């Protein structure tokens, strides 16, 4: 049953993890039987209650087989492309002190990334496991997005005020509390957990990089030209960690039958180790005293002025808001579309991340000296692929005619598009947005992005039309992606003669943008 999750009941047997023993009940008290409106949840939240209707399902074994075969195939393609890229990539800096400093940073940073990815595959499943309606789950996600908007605006200022190392330790502490809230079946505690998750991801995106850059330049006095190498390697490892995290989450949640809360508990010791290593091994570094508050207020105004004064920046912000808001909605919808058909969600997640990794590897190949495609061309391709995938989903999620295998294929295409999109967008942002105003401009970019995502999810369940609501949402997302494509065409017409926005092939190998977070 795509697009609608019924109240929890005995499911058909078959497939790994078709029914989870509730491990969280060992720590939280057994939940009382719930009516269609969960006790303790305001009526306005549960008013979007969806009618139940059986969906056409593939046998659980079929989706299980599709998931594992796809994972092996995608993993083989990833390894082939990565080995090819390694041969073409220039050799890393051989300075022993620099290599030691990189390892010093990676040891802590990779633990943080690993703990973050472990929480991706089973988040929606956990809320469903606690018998919440889709409308109630949507509210939890919206609170998380709102938290990301709020803390994203002040994260840079907060990191500078309290110190970069302290901010990394704060990330670990808040994320541990966020994970532990998943043991509770209380609706408002789970909302609090999502708010803390928004703070944690904002710190993850700012504190670690800020600490590294300061130590690289100010403490060790290494050349600034070496900084992209560190983050390019980190991005490559980030893809691999994401793929492995889905596999490990499936191992604990389904193979060991510990339930969807297990990956969140597994993340806790890694976060503790991350914080402990940062406290023991990292030096503190600060923003110059007395400047941060003034800088924060002034930078917000300057960022808005930069956004409105340059049509290239405005178009770039429009593309980011349209494309990434659709990705946030996709992050919410993929589980209820596929889960009723019995696939292992962690393996599905690994397939998504492998597909994204393939996209990033294809970007490196396409921008190499051999092919010399420009980032704006690959950005256009990414948006076009996402549009066709969403168009496919508008048919594969039709009520009563669900085609989960086709939906899964469309989701893989979206992730492939993400792998092309993020490094392309990262390159254009670096060249178009002035460095001085970049942080403030990106904060303004995120505002309409999260607003569109929140409005989309609220619109999906506000009408109570659950039977065709998911299909209608994918149609709307296709419309947003079409608008993004038009914005890309407009941006191309503006910058096509700008030589500063072209790369020479060697530079493209360093543009290995992040995997979309939140999955």
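A Cβ is built for glycine as well, from the same backbone N, Cα and C atoms used for every other residue.
According to TrEMBL, the feature transmembrane segment maps to 60-83 (among others).
Residues or ranges marked as transmembrane segment by TrEMBL: 104-124 (among others).
Annotation source TrEMBL lists transmembrane segment at 136-159 (among others).
As annotated by TrEMBL, transmembrane segment applies to 189-213 (among others).
If you look up TrEMBL, you'll see 261-279 (among others) marked as transmembrane segment. For the transmembrane segment (261-279), same-chain residues at least 6 beyond its ends with a Cβ under 8 Å from one of its own Cβ atoms are 23-24, 107-108, 111-112, 114-116, 118-119, 121-122, 126, 129, 165, 168-169, 172-173, 175-176, 179-180, 182-183, 248-249, 252-253, 346.
The transmembrane segment annotation in TrEMBL covers 313-334 (among others).
As annotated by TrEMBL, transmembrane segment applies to 346-366 (among others).
The transmembrane segment annotation in TrEMBL covers 378-396 (among others).
The transmembrane segment annotation in TrEMBL covers 408-428 (among others).
Annotated transmembrane segment per TrEMBL: 440-461 (among others), in sequence order.
Panel annotation: around the transmembrane segment (473-495), residues 311-312, 315-316, 318-319, 322-323, 325-326, 329-330, 333, 376, 379-380, 383-384, 386-387, 390-391, 393-394, 397, 432, 452, 456, 459-460, 501 of the same chain, lying at least six beyond its termini, place a Cβ under 8 Å from a Cβ of the stretch. Per TrEMBL, the feature transmembrane segment maps to 473-495 (among others).
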Tertiary contacts of the transmembrane segment (313-334), as residues 6+ beyond its ends and Cβ separation under 8 Å: 3, 124, 138, 141, 145, 306-307, 348, 352, 379, 382-383, 386, 390, 411, 414, 418, 421, 425, 428-429, 432-433, 441, 444-445, 448-453, 456-457, 470, 473-474, 477, 480-481, 483-484, 487-488, 490-491, 494, 516, 518-519
Ranked first among 136-159, 189-213, 346-366, 408-428, 440-461 for CB pairs under 8 angstroms with the transmembrane segment (60-83): 346-366
Any contact, the transmembrane segment (189-213) to the transmembrane segment (104-124), with at least 3 Cβ pairs under 8 A: yes
